[in-house]
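Copied from TrEMBL, the annotated features are:
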REPEAT    172-205  repeat 'PPR'
REPEAT    272-306  repeat 'PPR'
């Protein structure tokens, strides 16, 4: 029995699924031998297989060029191949050609073009594609509009996602999840408001919804809201979901309730590397270095192999808790036992570990022995250690290297000026600040949130606005006097110099 076009397209699809390029090439030869190269189904399947299995898009493009009568699937397959490889520009180039040749368009053609546009972060291209969607009558197609909504969210726009959402004639759970997830990154409070609106309209959230909402709660540290979301998860029977449990561990830790993080962790029937890492990060952030170390050792004994992220977590925990020997032991074990190659971030953690313990000379020797050029995070860690332990010779070396790497980064100037202020070198302090002003540098103002009686208050350093601002500063003065009496703020005067600059 002779194979037909359907047979060949099915076998090519199987080759694609297995990543079997050599097998796919043999099938291609057999198809040519049997005169199947003129079948659009076989040619589209060949193009899809080559786009997925090859190291480049060259073979897929050759097949595409040989197709005499291309259909919408032909164009979309090629655009998808470029986009999935991270070449959004290549995908958009063929989408533009598709429009110029007035080829037949389908919803998936637009969806993949929108994804290509989002991948390169081109807001102008995105708006053009949105206009083309409307021009060709696909503005009522839900998957297409969901992809448009996601694109605007990925661009970091604040107004356009909301406008697009309200203009949609139809919405589903994916629509709501896309908007909630987008605002979780852009404006966590707005994300929570949209979730509340979704709940009031009677839609049932799923695991993806809750994951975004939990992250929003964690981002602005609203414990009460996080507890309510946790309650909703339990009521819907989703509390055994591993991804949600991991997110809750992280949320409670960021909201200051490490005990709740531990409770969720201890009640989990199944744990993965993310579960252990989240707990170790939580313990480290709250100063429980010993507990973080114990958690790491338990994780290894349970058979889970640590990765670079969890090593960073335990090294950071050791650094903040002053567990220098333990941290160095983990650093050596990471290289010798687990064959994890340390990168800039890992070296930065070890430099910080040594620097906080006053072993600044060792930290500098480690930097000099690094197999690659240290970046700003490594020199920044050393500079911070020099500030704390009064080593002017190394301080100047670190500051010079840091300024070479980040000449336009205001944080470098701020750190250096703070060191000069702490040592009473007011001339150098003034010169550094003058350089900042001359370059137009101003550090981005840090914003903090605090939840009081279910209401979130936002403020910045040196804030002068607010109905109770005078009372706030009166309380601050009282706290400062108590802290001075307890000798907890040795370099407070240096920090106050930055208030006017919002730094």
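Quick reminder: no glycine exception, Cβ is built from N, Cα and C everywhere.
TrEMBL does not curate its annotations; it predicts them automatically.
These figures come from a predicted structure and were not determined experimentally.
The DSSP breakdown of the repeat 'PPR' (172-205), given as helix, strand and coil counts, is 27 helix, 0 strand, 7 coil. Averaged over the repeat 'PPR' (272-306), the predicted model reaches a pLDDT of 96.
Break the repeat 'PPR' (272-306) down by DSSP state and the numbers are 26 helix, 0 strand, 9 coil.
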